[in-house]
Amino acid sequence: MNQQLTEFDTVMEQIGFGRVHLFATLTLGLLQMMAILETMGVGIIGPAAVCDLRMSLMQLSSIMAAGFMGIICSSYFWGYITDKMGRRWILLRTISLSNICSIISMFMVTFSGFYVMRFVTGIFVAGPSFVAVTYLSEFCNKQIMARVVTHLYMFTGFAMLYCPAWGILFQGTSYMEFEMELVGDLTLRPWRLLGCMFMLPGVLAFFLLLRMPESPKFLFMIGETQKGMDVMDWVCRKNTGRPLTPEQVENMFKFQEKAQVKRQKNANNILRTMLNDAMPLFRKPFVGYFVSGCAVMFVMGLLANGLGIWFTSMRNRANMRVGPSEHMTLCSLLFEDNPSLMQETEEDILVVCNDDLHSFYDSLILGATYIILYNICWLLLFYVPRKGLLVISLLIASTCGFALIFVANHHVQLFCLVFLVSLPGLIISLMGGALLEFVPTYIRAKALCISLMWCRWGAVVGTTIVGSNIEEHCEITLLAMAILPLCSASLEAFLTI
């Protein structure tokens, strides 16, 4: 681990967890909500937009993957800029641009326009999706970092509650059924307003972030000693009511000397500089852990996001089944002797659309499960090694995946699917927290953005696989989803967490 951070950890431990950490967790947790809503929220908006945008099933799959693709294409760029310009600097700009693009996307009238704007929104959402956790970690000492990061990721659960809650209001109630012609082919319908509601956490986070300073670790890294000391003094005064002691000031000067030497000079070729800056991650002592961690993140993204984004559609289809459904497995319930509710060709789509969805309460259960699991994880981190939590979570997720193939009880099916989606989401937070501890400040943002980029690749692959294969090869798709956590568990020997 990074012994050069000892002085910082000592001072932060003396200051203690307080108002600054609570405010930062709330602010950056709202950004985590924004990132989830702008990617996973399409799982609710997309099916509701099928009629207006005249989308086929494959087009719907591509819309669901568009945000993740935008994040993948821009993640390393934002990671590089973040390590050069600062955490807060990049957050304020990417939040603003992502909110603007998100609103524009909600008023597109064609599939191509909607796809492009969701892709562009994903480009800017990439910033908050990983910079928020990096920023928060640099206000924490190692002793509390894992638990604070777990609380930040708990806002994923709040987003999973927020999303279906608004969905119930806009698409699950009769008094919100309306259709208003605006300009040309643009028709205002509930799903468009629902998409705008998903912006609110990001807008609130923007104004709260204006009250936060730049990361003290980043300021020390770039040689801004006085600014770094001012931030540390601000944190101390807010948390304890008194300024830094002379001993704490001396410790911070020692830390600054060690942190600043890691700063690399800019080269004339920015692409070469970006490549060179990432090279330490692929050399000892980081390479084994980092590559294994990226492989695990890919699988977890495939399950938590790739399968998770179809959760609402799958549960909606199961709940809308007409006829007897007792003693039927999930695959039978979804596809056996049941006309497709999603796979319309463009010629088959009716002009008058029906956006009725009946699975929002199942989605609320998923969100509540996320919150409960994150709190259980936070508590267990006091007593159980992180690697133990990782392996146990993977085994439970795999067991739930295998059970989905065979069980016929509808309640068991629901909770197996919930745990198959939510436990990988929990593991993403565990891996992210471990990575933040394992790599030094000067490559921290790049390391996290690359690992999360693989997580988003998993989401794209999972979204595409589920959308294109589950109807024809349901059991085989679920079997693959069940085996993948076991493959990830086999990599635990390489993970020093």
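Glycine too: its Cβ is placed from the backbone N, Cα and C atoms.
Here is what TrEMBL records for this protein:
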DOMAIN    24-497  domain 'Major facilitator superfamily (MFS) profile'
TRANSMEM  20-45  transmembrane segment
TRANSMEM  57-78  transmembrane segment
TRANSMEM  90-109  transmembrane segment
TRANSMEM  115-136  transmembrane segment
TRANSMEM  148-170  transmembrane segment
TRANSMEM  190-210  transmembrane segment
TRANSMEM  286-311  transmembrane segment
TRANSMEM  364-382  transmembrane segment
TRANSMEM  389-408  transmembrane segment
TRANSMEM  414-436  transmembrane segment
TRANSMEM  448-470  transmembrane segment
TRANSMEM  476-495  transmembrane segment
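Within the same chain, residues 24-25, 28, 31-32, 34-35, 38-39, 42, 59, 62-63, 66-71, 73-75, 78-79, 82, 87-88, 90-91, 93-95, 97-98, 101-102, 104-105, 108, 148-149, 152-153, 202, 205, 215, 432, 436, 444-445, 448-449, 452 sit at least 6 positions outside the transmembrane segment (115-136) and bring their C-beta atoms closer than 8 Å to a C-beta of that stretch. Among residues of the same chain six or more beyond the transmembrane segment (90-109), those with a C-beta under 8 A of the stretch's C-beta atoms are 31, 34, 38, 52-53, 78, 81-82, 117-118, 120-121, 124-128, 131-132, 135, 184-186, 192-193, 195-196, 198-199, 202-203, 205-206, 209-210. Counted over residue pairs separated by six or more positions, the transmembrane segment (286-311) shares fewer than 3 Cβ pairs under 8 angstroms with the transmembrane segment (148-170), which leaves the two as not touching.
Residues belonging to the domain 'Major facilitator superfamily (MFS) profile' (24-497) score a mean pLDDT of 82 in the model.
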